[in-house]
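Colleague: Just dropping this structure here.
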Amino acid sequence: MSTNLRKTHPLAKIINNSFIDLPSPSNISAWWNFGSLLGTCLILQTITGIFLAMHYSSDISLAFSSVAHITRDVQYGWLIRNMHANGASLFFMCIYLHIGRGIYYGSYLYKETWNTGTALLFLTMATAFVGYVLPWGQMSFWAATVITNLLSAIPYIGNTLVQWIWGGFSVDNATLTRFFTFHFLLPFIIMGLTMVHLLFLHETGSNNPTGLNSNADKIPFHPYFSYKDLLGLILMLAFLLTLTLFFPNFLGDPDNFTPANPLSTPPHIKPEWYFLFAYAILRSIPNKLGGVLALLLSILVLFLMPALHTSKQRTTQFRPLTQILFWSLIADLLVLTWIGGQPVENPFTIIGQMASTLYFSILLILMPIAGMIENKMLS
C-alpha cells in the first residue's frame, strides 16, 4: 500500500499539517475567519503592490505624475491602484476585528502567538504609513513631515534621529526613496513573521468561544473550515470590489489629489481613518513627548494584556461586567476615531482627552478589577 504523498513529502507535509489535517475545535465561530482573511489581504496587497512598483517612480519630481500615469495609461492601472489603496483599509478592518476577537475570547493567553501578532500590527502600521507617503500628494508630504517630526521629542538624540530618517534637513527626495524601499521590504518581513505567528498558534492549537480545552472534540481544518472560510473570503472580496469600483475615493483624503507643496500647509493634517484613534490620543496630550509616549502606549498596551488578565475564566463570554467594559472600549475607540478627524478646538479637544483617559483606564485598571470582582462573585 503506497503512503499518501501529502503526508510524506517534506514540503507537502508542512502545508498538510497547517491547512488540511490541522485539528481544529469544532465550535469555532465566524470570528475565527479573520486569520485566513488577513492572509488573503496580505497576498492581494503584495501582488497589486508589485504591479504598482513596476510603473511607479520614487523621485519627488515624478512620483505624483507616475501615480497619475498608472491610473490613466496603464492597462487596468486604475483598478490595481484602487484595489491596493482600499485593500489597505480592508486589511486594517480585518486586523482590528481579529484583535477584538482575541481580547473578547482571551486568545492573548497564548502569549507567543499574541506577541508576534502585536509585532505584526506594528509592522503593518509602519508599512501603511510609508506607503501613504509614496503618491507625494499634499497629505502624503505633510503626514510624513508631522509624524517623523514626532521623533524629535526623544531627549538628546531626537533632532539627529529625525534628520537621519529624512536624509537631510527636511522631507525631500532622499526621504521618498527610502520610504519606497521600506514599503517594498516590510511586507516580506510581515510574511516571515506571519509564518512564526502560525507556528506558535499550531503549537497550542486554536482557542474557542468557550475558552475551555477542546482536545476532546477536534475536526480536520479541511473540508470543514476551508469551506467556512471561503464564505468569509467571498464576502470580503465582494465588499472590496464594491468599494473599489463604486466608491474608490470614499476613504481617501481630497488633499492628496494636490501635488505636495512644502510652502502650503493643508488646513487639517490627518492620517488615514485606521490611524485616527491613535492620532486622537497623540493630540489629547498638550506635551510633545507625553503625546508620543501615549501614542506608543496605545498599541504597546496590547503586550500587557496577558499580564493584566485576572479572571479565572478565559473568555468574556460568561463575564457580564467585563463584557460591558469591552463594548465600552469599542465605543470609546469609535469616539477616538471620530475625534482624530476633527480640528483641534473645543469641544473636540476635551472629548478627545476624556476618551483617551477612558481608553487606558478600561484596559489597565477597570478590566483587571472587573476580573477580580467576577472571581469573588463565583467563589
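Each residue's number is its place along the chain shown, starting with 1.
Placed from the backbone N, Cα and C atoms, the Cβ positions cover glycine too.
Values in this document were obtained by computation on a predicted structure and should not be read as measured data.
Feature list, courtesy of Swiss-Prot:
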TRANSMEM  34-54  transmembrane segment
TRANSMEM  78-99  transmembrane segment
BINDING   His84, His183  heme b b562 binding site
BINDING   His98, His197  heme b b566 binding site
TRANSMEM  114-134  transmembrane segment
TRANSMEM  179-199  transmembrane segment
BINDING   His202  ubiquinone binding site
TRANSMEM  227-247  transmembrane segment
TRANSMEM  289-309  transmembrane segment
TRANSMEM  321-341  transmembrane segment
TRANSMEM  348-368  transmembrane segment
Colleague: Under 8 Å between C-beta atoms and at least six residues away from its ends: which parts of the chain pack against the transmembrane segment (348-368)?
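Modeller: Those are 280-281, 283-285, 294, 297-298, 301, 304-305, 308-310, 322, 325-326, 328-329, 332-333, 335-336, 339-340, 342, in sequence order.
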Colleague: Minimum Cβ neighbour count within 10 Å among the binding-site residues His84, His98, His183, His202: which residue?
Modeller: His202
Colleague: For His197 (heme b b566 binding site), which residues of its chain lie six or more apart in sequence with Cβ-Cβ distance below 8 Å?
Modeller: Thr113, Thr116, Gly117, Leu120
Colleague: What's the CA-CA gap between His84 (heme b b562 binding site) and His98 (heme b b566 binding site) in angstrom, rounded?
Modeller: 21
Colleague: Measuring Cα to Cα, how many Å separate His98 (heme b b566 binding site) from His202 (ubiquinone binding site)?
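Modeller: For His98 (heme b b566 binding site) versus His202 (ubiquinone binding site), the Cα atoms are 17 Å apart.
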Colleague: To the transmembrane segment (289-309), which of 34-54, 78-99, 114-134, 227-247, 321-341 is linked by the most Cβ pairs under 8 Å?
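Modeller: If we count Cβ pairs closer than 8 Å to the transmembrane segment (289-309), 114-134 scores highest.
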Colleague: Count the CB pairs under 8 A between the transmembrane segment (34-54) and each of 78-99, 114-134, 227-247, 321-341, then give me the winner.
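Modeller: Most Cβ pairs under 8 Å with the transmembrane segment (34-54) come from 78-99.
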Colleague: With pairs closer than 6 in sequence left out, are the transmembrane segment (227-247) and the transmembrane segment (114-134) joined by 3 or more CB pairs under 8 Å?
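Modeller: Output no: the transmembrane segment (114-134) is apart from the transmembrane segment (227-247).
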Colleague: Report, in whole Å, the straight Cα-to-Cα distance of His183 (heme b b562 binding site) from His202 (ubiquinone binding site).
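Modeller: Between the alpha carbons of His202 (ubiquinone binding site) and His183 (heme b b562 binding site) there are 29 Å.
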Colleague: Who are the long-range neighbours of the transmembrane segment (321-341) in its own chain, taking Cβ under 8 Å and residues 6 or more past its ends?
Modeller: 100, 103-104, 268, 270-271, 273, 275-281, 283, 311, 348, 351-352, 355-356, 358-359, 362-363, 366-367, 370-371, 373-374
Colleague: Work out the three-state DSSP category of His183 (heme b b562 binding site).
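Modeller: In three-state terms, His183 (heme b b562 binding site) counts as helix.
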Colleague: Specify the secondary structure state of His202 (ubiquinone binding site) as given by DSSP, simplified to three classes.
Modeller: helix
